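Asker: Here it is, the structure, as C-alpha coordinates.
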Amino acid sequence: MPGSPATTRLSSSVAATAAIKMSPDQSIQNESSNSPMENNSPSKQRANIHPDTSYSIELRKTFGVHGLTPPNVESHTLQLTRCLKQLASKTTPIEKYTYLSNLRNSNVHLFYRLVLTNFTTIAPLIYTPVVGEACLKWHEIYQQPEGLYISYKDRGHIYEVLQNWQQLNVEITVVTDGSRILGLGDLGINGMGIPVGKLALYTGCAGIRPEATLPLCLDLGTSNKELLASPLYMGAKMPKVSEQEEADFLDELMVALNKKWPGIVVQFEDFKNPFPALERYQHKYSMFNDDIQGTGAVILAGIINALKKSGVPVKEQRAVFMGAGSAGVGVAKQIVEYFIKEGLTEDEARRCFWFVDTKGLITDDRGDRLAQHKVYFSRDDNKGLQFKTLPEVVDFVKPTILMGLSTMRGIFDEHILKTMAKLNPNPIIFPLSNPSSNSECTFEEAIKHTNGTAIFASGSPFQPYLYNDEIMIPSQGNNMYVFPGIGLAAILGKSVHISNSMIYASAVALSNAITPAELTDGRLYPELDRIREVSVVVAREVIREAQRQGLDREPSIRDLGDRELDRWIRERMYDPTKGDVLRANL
(Lines of atoms letter the chains of each structure in order from A; the text may use other names.)
(Lines give C-alpha, C1' and ligand atoms only; values in the text may rest on other atoms or scores of the structure.)
Protein backbone atom coordinates (compact mmCIF):
# COMPACT_ATOMS: atom_id res chain seq x y z
CA MET A 1 0.00 0.00 0.00
CA PRO A 2 1.19 3.55 -0.62
CA GLY A 3 3.38 4.89 2.12
CA SER A 4 3.13 1.70 4.13
CA PRO A 5 5.86 1.00 6.69
CA ALA A 6 6.89 -2.09 4.76
CA THR A 7 7.48 -0.14 1.57
CA THR A 8 9.49 2.52 3.34
CA ARG A 9 11.60 -0.01 5.20
CA LEU A 10 12.36 -1.90 2.00
CA SER A 11 13.55 1.14 0.12
CA SER A 12 15.79 2.12 3.00
CA SER A 13 17.20 -1.39 3.23
CA VAL A 14 18.00 -1.53 -0.46
CA ALA A 15 19.52 1.94 -0.39
CA ALA A 16 21.71 0.98 2.54
CA THR A 17 23.30 -1.89 0.66
CA ALA A 18 23.08 -0.83 -2.96
CA ALA A 19 24.14 2.79 -2.96
CA ILE A 20 27.84 1.94 -3.26
CA LYS A 21 28.80 2.04 -6.91
CA MET A 22 31.75 0.67 -8.81
CA SER A 23 34.44 2.58 -10.64
CA PRO A 24 33.66 3.89 -14.16
CA ASP A 25 35.15 0.86 -15.88
CA GLN A 26 33.24 -1.63 -13.73
CA SER A 27 29.63 -0.53 -13.47
CA ILE A 28 26.63 0.44 -15.53
CA GLN A 29 25.70 2.80 -12.71
CA ASN A 30 28.05 5.47 -14.04
CA GLU A 31 25.85 5.75 -17.12
CA SER A 32 23.20 7.31 -14.86
CA SER A 33 23.64 10.87 -13.66
CA ASN A 34 21.54 10.59 -10.52
CA SER A 35 23.56 8.13 -8.48
CA PRO A 36 22.40 7.96 -4.84
CA MET A 37 25.95 8.82 -3.75
CA GLU A 38 26.71 11.48 -6.35
CA ASN A 39 27.34 15.00 -5.03
CA ASN A 40 26.88 13.85 -1.45
CA SER A 41 29.34 14.53 1.34
CA PRO A 42 30.64 11.59 3.39
CA SER A 43 28.40 12.59 6.27
CA LYS A 44 25.35 12.44 4.02
CA GLN A 45 26.51 9.15 2.53
CA ARG A 46 26.97 7.53 5.93
CA ALA A 47 23.39 6.32 6.15
CA ASN A 48 23.79 4.54 2.82
CA ILE A 49 26.99 2.65 3.69
CA HIS A 50 26.68 -0.80 5.18
CA PRO A 51 29.60 -1.71 7.44
CA ASP A 52 31.78 -4.36 5.85
CA THR A 53 34.83 -6.14 7.24
CA SER A 54 36.67 -5.76 3.91
CA TYR A 55 36.71 -1.95 4.15
CA SER A 56 40.04 -0.40 5.08
CA ILE A 57 40.36 1.59 8.31
CA GLU A 58 40.68 4.72 6.18
CA LEU A 59 37.37 4.05 4.47
CA ARG A 60 35.62 3.15 7.72
CA LYS A 61 36.66 6.50 9.19
CA THR A 62 35.79 8.43 6.05
CA PHE A 63 32.28 7.04 5.92
CA GLY A 64 31.61 7.09 9.64
CA VAL A 65 31.39 3.34 10.17
CA HIS A 66 34.65 2.86 12.08
CA GLY A 67 34.00 0.69 15.13
CA LEU A 68 30.82 -0.82 13.72
CA THR A 69 32.65 -3.97 12.62
CA PRO A 70 35.43 -6.04 14.23
CA PRO A 71 38.81 -4.28 13.79
CA ASN A 72 40.48 -6.70 11.36
CA VAL A 73 40.40 -5.82 7.67
CA GLU A 74 39.46 -9.02 5.85
CA SER A 75 40.10 -10.07 2.29
CA HIS A 76 37.21 -10.98 0.02
CA THR A 77 38.50 -14.55 0.03
CA LEU A 78 38.25 -14.78 3.81
CA GLN A 79 34.75 -13.30 3.76
CA LEU A 80 33.65 -15.87 1.19
CA THR A 81 35.19 -18.70 3.21
CA ARG A 82 33.03 -17.69 6.16
CA CYS A 83 29.92 -17.41 3.97
CA LEU A 84 30.44 -20.85 2.47
CA LYS A 85 30.94 -22.35 5.92
CA GLN A 86 27.74 -20.71 7.16
CA LEU A 87 25.88 -21.90 4.06
CA ALA A 88 27.13 -25.45 4.55
CA SER A 89 25.78 -25.44 8.10
CA LYS A 90 22.23 -25.11 6.77
CA THR A 91 20.70 -28.54 6.36
CA THR A 92 17.79 -27.95 3.96
CA PRO A 93 17.52 -26.08 0.65
CA ILE A 94 14.97 -23.64 2.08
CA GLU A 95 17.32 -22.82 4.98
CA LYS A 96 20.07 -22.12 2.47
CA TYR A 97 17.66 -19.93 0.47
CA THR A 98 16.74 -17.95 3.58
CA TYR A 99 20.40 -17.50 4.55
CA LEU A 100 21.25 -16.17 1.09
CA SER A 101 18.25 -13.82 1.10
CA ASN A 102 19.36 -12.36 4.41
CA LEU A 103 22.92 -11.97 3.10
CA ARG A 104 21.67 -10.14 0.01
CA ASN A 105 19.69 -7.72 2.14
CA SER A 106 22.46 -7.13 4.67
CA ASN A 107 25.53 -6.97 2.38
CA VAL A 108 24.63 -6.90 -1.30
CA HIS A 109 28.21 -6.73 -2.62
CA LEU A 110 29.33 -9.71 -0.54
CA PHE A 111 26.26 -11.63 -1.71
CA TYR A 112 27.10 -11.05 -5.36
CA ARG A 113 30.77 -11.87 -4.80
CA LEU A 114 29.54 -15.19 -3.43
CA VAL A 115 27.26 -15.69 -6.43
CA LEU A 116 29.94 -14.87 -9.01
CA THR A 117 32.65 -17.03 -7.46
CA ASN A 118 30.38 -20.03 -6.77
CA PHE A 119 27.75 -19.66 -9.48
CA THR A 120 26.93 -23.30 -10.18
CA THR A 121 26.46 -23.91 -6.45
CA ILE A 122 24.49 -20.77 -5.63
CA ALA A 123 22.26 -20.38 -8.71
CA PRO A 124 19.99 -23.37 -7.91
CA LEU A 125 19.59 -22.02 -4.37
CA ILE A 126 18.48 -18.51 -5.38
CA TYR A 127 16.34 -19.57 -8.33
CA THR A 128 15.08 -22.89 -9.69
CA PRO A 129 14.55 -25.34 -8.22
CA VAL A 130 14.62 -23.96 -4.65
CA VAL A 131 12.70 -20.78 -5.44
CA GLY A 132 9.66 -22.96 -6.10
CA GLU A 133 9.64 -24.18 -2.52
CA ALA A 134 10.31 -20.64 -1.31
CA CYS A 135 7.22 -19.36 -3.15
CA LEU A 136 5.06 -22.15 -1.76
CA LYS A 137 6.18 -21.16 1.74
CA TRP A 138 6.58 -17.39 1.22
CA HIS A 139 3.83 -16.56 3.73
CA GLU A 140 5.59 -18.75 6.30
CA ILE A 141 9.25 -17.84 5.75
CA TYR A 142 8.73 -14.09 5.21
CA GLN A 143 11.21 -12.09 7.33
CA GLN A 144 11.80 -8.72 5.69
CA PRO A 145 10.48 -6.63 2.80
CA GLU A 146 11.82 -7.46 -0.65
CA GLY A 147 10.57 -5.76 -3.79
CA LEU A 148 7.46 -3.66 -4.29
CA TYR A 149 3.88 -4.88 -3.94
CA ILE A 150 1.05 -3.11 -5.76
CA SER A 151 -2.48 -4.23 -4.97
CA TYR A 152 -5.67 -3.95 -6.96
CA LYS A 153 -6.85 -1.41 -4.40
CA ASP A 154 -4.04 0.85 -5.62
CA ARG A 155 -5.61 1.27 -9.07
CA GLY A 156 -5.88 4.91 -10.00
CA HIS A 157 -2.74 5.86 -8.10
CA ILE A 158 -0.12 3.27 -9.08
CA TYR A 159 2.33 6.06 -9.90
CA GLU A 160 2.12 7.30 -6.30
CA VAL A 161 3.00 3.80 -5.06
CA LEU A 162 6.04 3.72 -7.35
CA GLN A 163 7.18 6.98 -5.76
CA ASN A 164 7.80 5.06 -2.52
CA TRP A 165 10.66 3.14 -4.17
CA GLN A 166 13.64 5.29 -3.25
CA GLN A 167 16.09 4.14 -5.91
CA LEU A 168 16.23 6.89 -8.52
CA ASN A 169 17.65 5.02 -11.49
CA VAL A 170 15.73 1.79 -11.91
CA GLU A 171 16.56 0.31 -15.31
CA ILE A 172 14.73 -3.01 -15.25
CA THR A 173 11.81 -4.63 -13.46
CA VAL A 174 10.46 -8.17 -13.36
CA VAL A 175 6.72 -8.19 -12.73
CA THR A 176 4.35 -11.05 -11.89
CA ASP A 177 0.79 -11.41 -10.69
CA GLY A 178 1.63 -14.79 -9.18
CA SER A 179 -1.11 -16.53 -11.12
CA ARG A 180 1.08 -19.28 -12.60
CA ILE A 181 4.30 -19.66 -10.66
CA LEU A 182 6.62 -22.16 -12.37
CA GLY A 183 4.54 -25.36 -12.52
CA LEU A 184 3.01 -24.73 -9.11
CA GLY A 185 -0.13 -22.83 -10.08
CA ASP A 186 -1.64 -19.67 -8.61
CA LEU A 187 0.36 -18.57 -5.57
CA GLY A 188 -0.81 -14.95 -5.39
CA ILE A 189 1.73 -12.62 -3.83
CA ASN A 190 3.78 -15.62 -2.70
CA GLY A 191 5.08 -15.32 -6.26
CA MET A 192 7.33 -12.41 -5.21
CA GLY A 193 10.16 -14.93 -4.96
CA ILE A 194 10.23 -15.11 -8.76
CA PRO A 195 10.99 -11.41 -9.49
CA VAL A 196 13.48 -11.36 -6.61
CA GLY A 197 15.27 -14.44 -7.94
CA LYS A 198 15.15 -13.40 -11.58
CA LEU A 199 16.67 -10.02 -10.84
CA ALA A 200 19.41 -11.61 -8.73
CA LEU A 201 20.30 -13.52 -11.90
CA TYR A 202 20.18 -10.33 -13.97
CA THR A 203 22.86 -8.97 -11.65
CA GLY A 204 24.82 -12.19 -11.28
CA CYS A 205 24.74 -13.23 -14.93
CA ALA A 206 24.74 -9.90 -16.75
CA GLY A 207 26.10 -7.35 -14.31
CA ILE A 208 23.03 -5.14 -14.07
CA ARG A 209 23.45 -3.01 -10.94
CA PRO A 210 21.47 -4.34 -7.94
CA GLU A 211 20.02 -0.91 -7.22
CA ALA A 212 18.85 -0.60 -10.84
CA THR A 213 16.49 -3.57 -10.40
CA LEU A 214 12.90 -3.59 -9.15
CA PRO A 215 11.15 -6.83 -8.12
CA LEU A 216 7.43 -6.15 -8.59
CA CYS A 217 4.48 -8.30 -7.50
CA LEU A 218 0.88 -7.41 -8.31
CA ASP A 219 -1.75 -8.42 -5.77
CA LEU A 220 -4.77 -9.03 -7.98
CA GLY A 221 -6.33 -11.73 -5.85
CA THR A 222 -5.80 -15.47 -6.01
CA SER A 223 -7.76 -18.61 -6.79
CA ASN A 224 -5.67 -20.61 -4.32
CA LYS A 225 -8.16 -21.68 -1.65
CA GLU A 226 -5.44 -22.92 0.70
CA LEU A 227 -3.73 -19.53 0.71
CA LEU A 228 -7.03 -17.67 1.07
CA ALA A 229 -7.78 -19.76 4.15
CA SER A 230 -4.35 -19.23 5.72
CA PRO A 231 -4.11 -16.49 8.36
CA LEU A 232 -0.44 -16.08 7.39
CA TYR A 233 -1.15 -15.25 3.74
CA MET A 234 -0.27 -11.59 3.27
CA GLY A 235 -2.17 -10.84 0.07
CA ALA A 236 -5.74 -9.69 -0.48
CA LYS A 237 -8.26 -12.32 0.58
CA MET A 238 -10.25 -12.07 -2.62
CA PRO A 239 -10.71 -14.05 -5.86
CA LYS A 240 -8.58 -13.22 -8.89
CA VAL A 241 -9.86 -10.17 -10.75
CA SER A 242 -11.34 -10.56 -14.24
CA GLU A 243 -9.22 -10.50 -17.40
CA GLN A 244 -10.53 -7.05 -18.31
CA GLU A 245 -9.87 -5.69 -14.83
CA GLU A 246 -6.32 -7.02 -14.99
CA ALA A 247 -5.81 -5.56 -18.47
CA ASP A 248 -6.91 -2.11 -17.28
CA PHE A 249 -4.64 -2.42 -14.24
CA LEU A 250 -1.65 -3.39 -16.40
CA ASP A 251 -2.30 -0.48 -18.75
CA GLU A 252 -2.05 1.91 -15.81
CA LEU A 253 1.04 0.12 -14.50
CA MET A 254 2.94 0.37 -17.79
CA VAL A 255 2.18 4.07 -18.11
CA ALA A 256 3.24 4.69 -14.51
CA LEU A 257 6.48 2.71 -14.80
CA ASN A 258 7.56 4.60 -17.91
CA LYS A 259 6.60 7.92 -16.37
CA LYS A 260 8.66 7.19 -13.26
CA TRP A 261 11.61 5.63 -15.11
CA PRO A 262 11.46 6.46 -18.85
CA GLY A 263 12.66 3.58 -21.02
CA ILE A 264 12.58 1.02 -18.19
CA VAL A 265 12.89 -2.58 -19.38
CA VAL A 266 9.89 -4.61 -18.21
CA GLN A 267 9.99 -8.40 -18.07
CA PHE A 268 6.63 -10.11 -17.53
CA GLU A 269 6.87 -13.39 -15.65
CA ASP A 270 4.51 -16.21 -14.64
CA PHE A 271 1.18 -14.76 -15.71
CA LYS A 272 -1.49 -17.41 -16.30
CA ASN A 273 -2.49 -15.81 -19.60
CA PRO A 274 0.53 -13.85 -20.83
CA PHE A 275 -0.35 -13.44 -24.50
CA PRO A 276 -2.71 -10.42 -24.31
CA ALA A 277 -0.17 -8.26 -22.44
CA LEU A 278 2.64 -9.24 -24.80
CA GLU A 279 0.52 -8.38 -27.83
CA ARG A 280 -0.57 -5.06 -26.30
CA TYR A 281 2.80 -3.80 -25.11
CA GLN A 282 5.54 -5.42 -27.20
CA HIS A 283 5.65 -2.68 -29.83
CA LYS A 284 4.89 0.15 -27.40
CA TYR A 285 7.39 -0.37 -24.58
CA SER A 286 10.77 -1.99 -23.99
CA MET A 287 9.30 -5.22 -22.65
CA PHE A 288 9.27 -8.97 -23.19
CA ASN A 289 7.75 -12.07 -21.66
CA ASP A 290 10.30 -14.59 -20.47
CA ASP A 291 7.84 -17.50 -20.29
CA ILE A 292 6.98 -17.16 -23.97
CA GLN A 293 10.03 -15.53 -25.54
CA GLY A 294 12.87 -16.34 -23.17
CA THR A 295 11.90 -20.01 -22.91
CA GLY A 296 11.46 -20.18 -26.66
CA ALA A 297 14.90 -18.68 -27.26
CA VAL A 298 16.83 -20.88 -24.86
CA ILE A 299 15.14 -24.07 -26.06
CA LEU A 300 15.66 -23.09 -29.70
CA ALA A 301 19.38 -22.74 -28.95
CA GLY A 302 19.37 -26.25 -27.49
CA ILE A 303 17.41 -27.61 -30.44
CA ILE A 304 19.85 -26.07 -32.93
CA ASN A 305 22.72 -27.91 -31.26
CA ALA A 306 20.63 -31.08 -30.77
CA LEU A 307 19.82 -31.19 -34.49
CA LYS A 308 23.52 -30.96 -35.28
CA LYS A 309 24.06 -34.03 -33.08
CA SER A 310 21.11 -36.03 -34.42
CA GLY A 311 21.96 -35.55 -38.09
CA VAL A 312 18.27 -35.65 -39.07
CA PRO A 313 17.39 -32.93 -41.63
CA VAL A 314 14.99 -30.20 -40.54
CA LYS A 315 12.36 -31.26 -43.08
CA GLU A 316 12.20 -34.72 -41.48
CA GLN A 317 11.73 -33.51 -37.91
CA ARG A 318 8.49 -34.35 -36.09
CA ALA A 319 8.07 -32.74 -32.67
CA VAL A 320 5.47 -33.78 -30.10
CA PHE A 321 4.84 -31.26 -27.33
CA MET A 322 3.31 -32.54 -24.11
CA GLY A 323 1.74 -29.36 -22.75
CA ALA A 324 0.15 -26.57 -24.77
CA GLY A 325 0.49 -23.56 -22.51
CA SER A 326 2.16 -20.25 -23.24
CA ALA A 327 5.68 -21.59 -22.75
CA GLY A 328 5.16 -24.55 -25.08
CA VAL A 329 3.64 -22.46 -27.84
CA GLY A 330 6.38 -19.86 -27.41
CA VAL A 331 9.05 -22.53 -27.79
CA ALA A 332 7.41 -24.03 -30.88
CA LYS A 333 7.02 -20.67 -32.61
CA GLN A 334 10.71 -19.93 -32.11
CA ILE A 335 11.60 -23.30 -33.65
CA VAL A 336 9.19 -22.64 -36.54
CA GLU A 337 11.11 -19.44 -37.28
CA TYR A 338 14.38 -21.41 -37.31
CA PHE A 339 12.92 -24.07 -39.62
CA ILE A 340 11.80 -21.32 -42.01
CA LYS A 341 15.30 -19.86 -42.05
CA GLU A 342 16.55 -23.39 -42.82
CA GLY A 343 14.46 -23.48 -46.00
CA LEU A 344 10.95 -24.65 -45.09
CA THR A 345 7.83 -22.66 -45.85
CA GLU A 346 5.87 -21.45 -42.83
CA ASP A 347 3.19 -24.08 -43.42
CA GLU A 348 5.79 -26.84 -43.76
CA ALA A 349 7.48 -25.67 -40.56
CA ARG A 350 4.20 -25.43 -38.63
CA ARG A 351 3.24 -28.95 -39.66
CA CYS A 352 6.34 -30.35 -37.95
CA PHE A 353 4.58 -29.91 -34.58
CA TRP A 354 1.90 -31.88 -32.72
CA PHE A 355 0.58 -30.54 -29.41
CA VAL A 356 -0.99 -32.60 -26.63
CA ASP A 357 -2.98 -31.01 -23.80
CA THR A 358 -5.11 -32.52 -21.04
CA LYS A 359 -7.71 -33.63 -23.61
CA GLY A 360 -5.27 -35.23 -26.02
CA LEU A 361 -3.91 -34.30 -29.43
CA ILE A 362 -5.05 -30.81 -30.44
CA THR A 363 -7.06 -31.15 -33.65
CA ASP A 364 -9.51 -29.01 -35.59
CA ASP A 365 -12.32 -31.53 -35.13
CA ARG A 366 -11.79 -32.50 -31.50
CA GLY A 367 -15.07 -30.86 -30.57
CA ASP A 368 -13.98 -28.40 -27.90
CA ARG A 369 -13.31 -24.68 -28.19
CA LEU A 370 -9.56 -24.15 -28.41
CA ALA A 371 -7.79 -21.32 -26.62
CA GLN A 372 -6.60 -18.81 -29.19
CA HIS A 373 -2.90 -19.55 -28.70
CA LYS A 374 -3.48 -23.25 -29.51
CA VAL A 375 -5.18 -22.69 -32.86
CA TYR A 376 -1.97 -22.10 -34.85
CA PHE A 377 -0.69 -25.64 -34.18
CA SER A 378 -4.04 -27.46 -34.34
CA ARG A 379 -3.90 -30.47 -36.70
CA ASP A 380 -6.23 -31.16 -39.60
CA ASP A 381 -4.53 -34.37 -40.79
CA ASN A 382 -5.77 -36.76 -38.09
CA LYS A 383 -8.23 -38.44 -40.52
CA GLY A 384 -11.12 -38.03 -38.11
CA LEU A 385 -9.29 -39.94 -35.37
CA GLN A 386 -8.78 -38.53 -31.88
CA PHE A 387 -5.78 -39.45 -29.71
CA LYS A 388 -6.37 -38.90 -26.02
CA THR A 389 -3.11 -40.14 -24.49
CA LEU A 390 0.56 -39.42 -25.08
CA PRO A 391 1.39 -43.06 -25.99
CA GLU A 392 -1.31 -42.96 -28.68
CA VAL A 393 0.09 -39.72 -30.08
CA VAL A 394 3.66 -41.05 -30.09
CA ASP A 395 2.54 -44.20 -31.94
CA PHE A 396 0.64 -42.06 -34.48
CA VAL A 397 3.24 -39.33 -35.07
CA LYS A 398 6.48 -41.31 -34.62
CA PRO A 399 8.31 -38.21 -33.37
CA THR A 400 11.99 -37.37 -33.56
CA ILE A 401 11.60 -34.76 -30.79
CA LEU A 402 9.69 -35.07 -27.52
CA MET A 403 9.15 -31.85 -25.56
CA GLY A 404 7.65 -31.69 -22.08
CA LEU A 405 6.04 -28.50 -20.76
CA SER A 406 3.18 -30.18 -18.92
CA THR A 407 4.32 -30.15 -15.25
CA MET A 408 3.20 -33.82 -15.22
CA ARG A 409 5.88 -35.71 -13.31
CA GLY A 410 6.86 -38.96 -15.00
CA ILE A 411 4.64 -38.60 -18.08
CA PHE A 412 7.68 -39.59 -20.16
CA ASP A 413 7.64 -43.09 -18.69
CA GLU A 414 9.66 -46.17 -19.56
CA HIS A 415 7.33 -47.15 -22.42
CA ILE A 416 7.45 -43.70 -24.03
CA LEU A 417 11.24 -43.44 -23.74
CA LYS A 418 11.84 -46.93 -25.11
CA THR A 419 9.51 -46.18 -28.01
CA MET A 420 11.46 -43.01 -28.79
CA ALA A 421 14.68 -45.06 -28.81
CA LYS A 422 13.17 -47.58 -31.25
CA LEU A 423 12.04 -44.79 -33.56
CA ASN A 424 15.32 -42.84 -33.58
CA PRO A 425 19.06 -43.55 -33.32
CA ASN A 426 19.34 -40.41 -31.15
CA PRO A 427 15.94 -39.27 -29.88
CA ILE A 428 15.74 -35.67 -28.70
CA ILE A 429 14.16 -35.65 -25.22
CA PHE A 430 13.51 -32.29 -23.54
CA PRO A 431 11.55 -32.54 -20.24
CA LEU A 432 11.33 -28.82 -19.53
CA SER A 433 8.86 -28.47 -16.66
CA ASN A 434 9.97 -26.75 -13.46
CA PRO A 435 10.73 -27.38 -10.68
CA SER A 436 12.52 -30.74 -10.74
CA SER A 437 9.63 -32.43 -8.95
CA ASN A 438 7.43 -31.67 -11.99
CA SER A 439 9.87 -32.82 -14.66
CA GLU A 440 8.39 -35.25 -17.21
CA CYS A 441 11.36 -37.57 -16.62
CA THR A 442 14.75 -37.49 -14.99
CA PHE A 443 18.09 -37.56 -16.77
CA GLU A 444 18.76 -41.03 -15.40
CA GLU A 445 15.44 -42.32 -16.74
CA ALA A 446 16.04 -40.80 -20.17
CA ILE A 447 19.51 -42.33 -20.47
CA LYS A 448 18.60 -45.71 -19.00
CA HIS A 449 15.47 -46.28 -21.11
CA THR A 450 17.03 -45.11 -24.39
CA ASN A 451 20.19 -47.17 -23.87
CA GLY A 452 22.28 -44.03 -23.57
CA THR A 453 21.21 -42.62 -26.95
CA ALA A 454 19.00 -39.71 -25.86
CA ILE A 455 19.96 -36.12 -26.65
CA PHE A 456 18.73 -34.54 -23.45
CA ALA A 457 17.98 -31.14 -21.98
CA SER A 458 15.79 -30.31 -19.00
CA GLY A 459 14.28 -27.24 -17.42
CA SER A 460 15.65 -27.96 -13.95
CA PRO A 461 19.10 -29.27 -13.03
CA PHE A 462 19.93 -32.98 -12.79
CA GLN A 463 23.11 -34.70 -11.68
CA PRO A 464 25.46 -36.49 -14.11
CA TYR A 465 24.71 -40.19 -14.52
CA LEU A 466 27.16 -43.08 -14.82
CA TYR A 467 26.06 -45.30 -17.70
CA ASN A 468 28.17 -48.19 -19.02
CA ASP A 469 31.22 -46.80 -17.23
CA GLU A 470 30.77 -43.42 -18.94
CA ILE A 471 29.79 -40.26 -17.09
CA MET A 472 26.88 -38.73 -18.99
CA ILE A 473 26.41 -34.97 -18.50
CA PRO A 474 22.88 -33.50 -18.64
CA SER A 475 22.10 -30.18 -20.29
CA GLN A 476 19.79 -27.69 -18.63
CA GLY A 477 17.82 -25.34 -20.86
CA ASN A 478 17.60 -22.66 -18.23
CA ASN A 479 16.29 -19.26 -19.28
CA MET A 480 19.18 -17.64 -17.41
CA TYR A 481 21.25 -18.27 -20.53
CA VAL A 482 19.30 -15.62 -22.46
CA PHE A 483 17.11 -13.29 -20.41
CA PRO A 484 19.99 -11.51 -18.60
CA GLY A 485 21.70 -10.77 -21.92
CA ILE A 486 18.43 -9.60 -23.48
CA GLY A 487 17.82 -7.21 -20.59
CA LEU A 488 21.42 -5.97 -20.61
CA ALA A 489 21.21 -5.31 -24.35
CA ALA A 490 17.94 -3.41 -24.00
CA ILE A 491 19.44 -1.23 -21.25
CA LEU A 492 22.79 -0.51 -22.90
CA GLY A 493 21.40 -0.19 -26.41
CA LYS A 494 18.46 1.88 -25.12
CA SER A 495 16.03 -0.19 -27.15
CA VAL A 496 12.76 1.41 -28.22
CA HIS A 497 11.16 -2.00 -27.84
CA ILE A 498 12.27 -5.64 -27.88
CA SER A 499 11.34 -7.27 -31.18
CA ASN A 500 10.86 -10.94 -32.00
CA SER A 501 13.97 -10.70 -34.17
CA MET A 502 15.99 -9.54 -31.16
CA ILE A 503 14.74 -12.55 -29.19
CA TYR A 504 15.64 -14.84 -32.09
CA ALA A 505 19.11 -13.27 -32.21
CA SER A 506 19.60 -14.21 -28.55
CA ALA A 507 18.86 -17.86 -29.36
CA VAL A 508 21.31 -18.02 -32.24
CA ALA A 509 23.94 -16.25 -30.15
CA LEU A 510 23.52 -18.80 -27.37
CA SER A 511 23.76 -21.75 -29.76
CA ASN A 512 27.02 -20.31 -31.11
CA ALA A 513 28.44 -19.60 -27.65
CA ILE A 514 29.08 -23.27 -26.93
CA THR A 515 32.66 -24.47 -27.42
CA PRO A 516 33.72 -27.55 -29.42
CA ALA A 517 34.91 -29.15 -26.18
CA GLU A 518 31.49 -28.65 -24.59
CA LEU A 519 29.79 -30.22 -27.61
CA THR A 520 32.18 -33.17 -27.41
CA ASP A 521 31.19 -33.63 -23.76
CA GLY A 522 27.59 -34.02 -24.89
CA ARG A 523 26.44 -30.58 -23.78
CA LEU A 524 23.87 -28.53 -25.66
CA TYR A 525 24.58 -25.37 -23.66
CA PRO A 526 27.74 -23.70 -22.35
CA GLU A 527 28.92 -24.53 -18.87
CA LEU A 528 27.24 -22.28 -16.32
CA ASP A 529 30.52 -21.04 -14.91
CA ARG A 530 30.88 -19.17 -18.24
CA ILE A 531 27.54 -17.43 -17.82
CA ARG A 532 28.91 -13.88 -17.84
CA GLU A 533 30.87 -14.55 -21.00
CA VAL A 534 27.72 -15.98 -22.57
CA SER A 535 25.65 -12.97 -21.48
CA VAL A 536 28.10 -10.63 -23.22
CA VAL A 537 27.76 -12.61 -26.47
CA VAL A 538 23.96 -12.63 -26.21
CA ALA A 539 23.84 -8.91 -25.39
CA ARG A 540 26.12 -8.06 -28.32
CA GLU A 541 23.99 -9.94 -30.85
CA VAL A 542 20.73 -8.53 -29.48
CA ILE A 543 22.17 -5.01 -29.71
CA ARG A 544 23.30 -5.75 -33.28
CA GLU A 545 19.79 -6.85 -34.25
CA ALA A 546 18.29 -3.76 -32.62
CA GLN A 547 20.71 -1.66 -34.67
CA ARG A 548 19.74 -3.45 -37.89
CA GLN A 549 16.08 -2.75 -37.17
CA GLY A 550 16.63 0.85 -36.11
CA LEU A 551 15.37 0.13 -32.59
CA ASP A 552 18.46 1.30 -30.68
CA ARG A 553 18.98 4.77 -29.22
CA GLU A 554 22.70 4.53 -28.43
CA PRO A 555 24.45 5.87 -31.56
CA SER A 556 27.93 5.88 -29.98
CA ILE A 557 28.32 2.10 -30.37
CA ARG A 558 26.92 1.59 -33.86
CA ASP A 559 30.33 1.59 -35.54
CA LEU A 560 32.14 -0.62 -33.03
CA GLY A 561 33.49 -3.99 -34.12
CA ASP A 562 32.47 -7.11 -32.23
CA ARG A 563 35.53 -7.15 -29.96
CA GLU A 564 35.21 -3.45 -29.23
CA LEU A 565 31.51 -3.82 -28.50
CA ASP A 566 32.18 -6.79 -26.21
CA ARG A 567 34.73 -4.70 -24.32
CA TRP A 568 32.29 -1.78 -24.11
CA ILE A 569 29.63 -4.08 -22.66
CA ARG A 570 32.00 -5.64 -20.11
CA GLU A 571 33.15 -2.23 -18.89
CA ARG A 572 29.56 -1.41 -17.96
CA MET A 573 28.81 -4.60 -16.07
CA TYR A 574 28.68 -4.45 -12.29
CA ASP A 575 31.41 -6.65 -10.83
CA PRO A 576 31.81 -6.68 -7.03
CA THR A 577 34.85 -8.97 -7.24
CA LYS A 578 37.09 -6.25 -8.68
CA GLY A 579 38.86 -3.80 -6.42
CA ASP A 580 37.57 -1.82 -3.49
CA VAL A 581 34.05 -0.72 -4.35
CA LEU A 582 34.14 2.11 -1.85
CA ARG A 583 37.61 3.45 -2.69
CA ALA A 584 36.44 4.00 -6.26
CA ASN A 585 34.18 6.74 -4.95
CA LEU A 586 36.77 8.69 -2.94
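First residue shown is number 1, and so on along the chain.
Using the three backbone atoms N, Cα and C, a Cβ is placed for every residue, glycine included.
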Asker: Let me know which member of Asp219, Asp248, Asp291 TrEMBL also records as binding divalent metal cation at the site of Glu269, Asp270.
Answerer: Asp291
Asker: Considering Cα atoms only, can you say which of Tyr127, Lys198, Glu269, Asp270 is the nearest neighbour of Arg180 ((S)-malate binding site) among these recorded positions?
Answerer: Asp270
Asker: Look at each of the recorded positions, Arg180, Lys198, and point out the one with the fewest other Cβ atoms around it within 10 Å.
Answerer: Arg180
Asker: Same-chain residues six or more away whose CB lies under 8 A from the CB of Asn434 ((S)-malate binding site)?
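Answerer: Listed in sequence order, they are Thr128, Pro129, Gly132, Leu182, Gly183, Thr407, Gly459, Ser460.
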Asker: Can you give me the Cα-Cα distance between Lys198 (active site, proton acceptor) and Tyr127 (active site, proton donor) in Å, rounded to a whole number?
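Answerer: Tyr127 (active site, proton donor) has its Cα 7 Å from the Cα of Lys198 (active site, proton acceptor).
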Asker: Would you mind reading off the Cα separation of Asp291 (divalent metal cation binding site) from Asn478 ((S)-malate binding site), to the nearest angstrom?
Answerer: 11
Asker: Between the Cα atoms of Tyr127 (active site, proton donor) and Asp270 (divalent metal cation binding site), what distance do you get, rounded to the nearest Å?
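Answerer: Cα to Cα, Tyr127 (active site, proton donor) and Asp270 (divalent metal cation binding site) are separated by 14 Å.
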